[in-house]
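Everything below concerns the one structure shown next.
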Amino acid sequence: MRHFLSVNDIESLPDWVDEAITLKQNPYQFEDLGKRKTVCLLFFNNSLRTRLSTQKAAMNLGMEVMIMNFGSESWVLEYQDGSVMDQGTSEHIKEAAQVVSQYCDIVAIRAFPDLKDREKDEAEEVLSGFAEYATVPVVNMESSTGHPLQALADAITLAEHTPKARPKVVLSWAPHPKALPHAVANSFTQMMKLQDAEFIITHPKGYELNPKITQGCQIEYNQEKALKDADFVYVKNWSSYTNYGKVLHQDLNWTMTQQKLGQAKFMHCLPVRRNVVVEDAVLDGNNSLVINQALNRTFSAQIVLKKILEAL
Ligand SMILES: NCCC[C@H](NC(=O)CCC(=O)O)C(=O)O
Ligand SMILES: NC(=O)OP(=O)(O)O
């Protein structure tokens, strides 16, 4: 079965990016491919872009779309094998995943981490549970550890705006009042490893990402040094990985400003906290690509759904 669970499920990043850019010119080219096919979007967490862009992508391919806020509207699921279900969980993932599969041809899932127990989050019980027991392909719409649809949209955006063959791309940590997941930063890093680019990650000490993911990446603790001559600056907050799920500090010296950005293009997956993560002048200026990134979410989802439909 052809699941799309992580950046590793992108067969060829340059080919998929090219295909997405072509599709963007003619989004209805494959409007018959999804005829009488249904995608079921299950949300355990909030969303604006992922929900609407994935729905739009499916509609462009002629698919039917069913959406459910699973976290608030369905039964609380059990994931443990062999558990005695006499506590708060009402239905096992084994039945739920098989049942959902009978109503659709593809199931897409958003399930964020709790950010309390690293081992539990890394086990990806929701996404992996569905991937194990569903009888249809599963798509990751942001899980505990990855957001591959976002990374693919970011690759499309980079390709559309790159000024040179080997751009300098900086992933810069930013302050945030809440403890946020590592998923976006993880998938962006994994995607950048597949690019011909000078890639640098910058963050305060203590905010190191999973070393398995950043292995081989340049890490620079001095933000100013990292940002020098950058072509693209991707800003994102994440909570500590080593001191798992903790907000160590909210140092506003790391907020992205127009002055720090210089001539570089600004990127962020959204939603973004204005004047905490990034100052107004950047978002309201000409170098912000955030709205383009959000548009490209449609085409990253459309490429993924198209590949899956073609393999059904
Ligand atoms: N899907 C894009 C980002 C989702 C999530 N951000 C958030 O939860 C921000 C919420 C807030 O700012 O209250 C994250 O960082 O992974
Ligand atoms: N970028 C992104 O995934 O946005 P939503 O959380 O609004 O879907």
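Quick reminder: no glycine exception, Cβ is built from N, Cα and C everywhere.
Automatic, uncurated: that is what TrEMBL annotation is.
Per TrEMBL, carbamoyl phosphate binding site is recorded for S47, L48, R49, T50, W75, R110, H147, P148, L149, Q150, C269, L270, R297. Taken residue by residue with DSSP, L149 (carbamoyl phosphate binding site) is part of a helix.
The N(2)-succinyl-L-ornithine binding site annotation in TrEMBL covers E142, H176, K236, R273. If you take the C-beta of H176 (N(2)-succinyl-L-ornithine binding site) and look for same-chain residues 6 or more apart in sequence within under 8 angstroms, you find N237, V247, Q250, R273, V276, V277.
Residues or ranges marked as domain 'Aspartate/ornithine carbamoyltransferase carbamoyl-P binding' by TrEMBL: 2-160.
TrEMBL lists 184-305 with the feature domain 'Aspartate/ornithine carbamoyltransferase Asp/Orn-binding'.
Averaged over the domain 'Aspartate/ornithine carbamoyltransferase carbamoyl-P binding' (2-160), the predicted model reaches a pLDDT of 98. Classification of K236 (N(2)-succinyl-L-ornithine binding site) by DSSP places it within a strand. Checked against ligand 1, the binding-site residues W75, E142, K236, C269, R273 give E142, C269, R273 in sequence order as having a Cβ less than 6 Å away from one of its atoms. Under DSSP, the residues of the domain 'Aspartate/ornithine carbamoyltransferase Asp/Orn-binding' (184-305) split into helix, strand and coil as follows: 45 helix, 19 strand, 58 coil. With the fewest other Cβ atoms inside 10 Å of its Cβ, the least crowded of the binding-site residues L149, C269 in this structure is C269. In this structure, S47, R49, C269 are the binding-site residues from S47, R49, K236, C269 whose C-beta falls under 6 Å of some atom of ligand 2. Among the binding-site residues S47, R49, W75, L149, none has a Cα sitting within 10 Å of the Cα of K236 (N(2)-succinyl-L-ornithine binding site).
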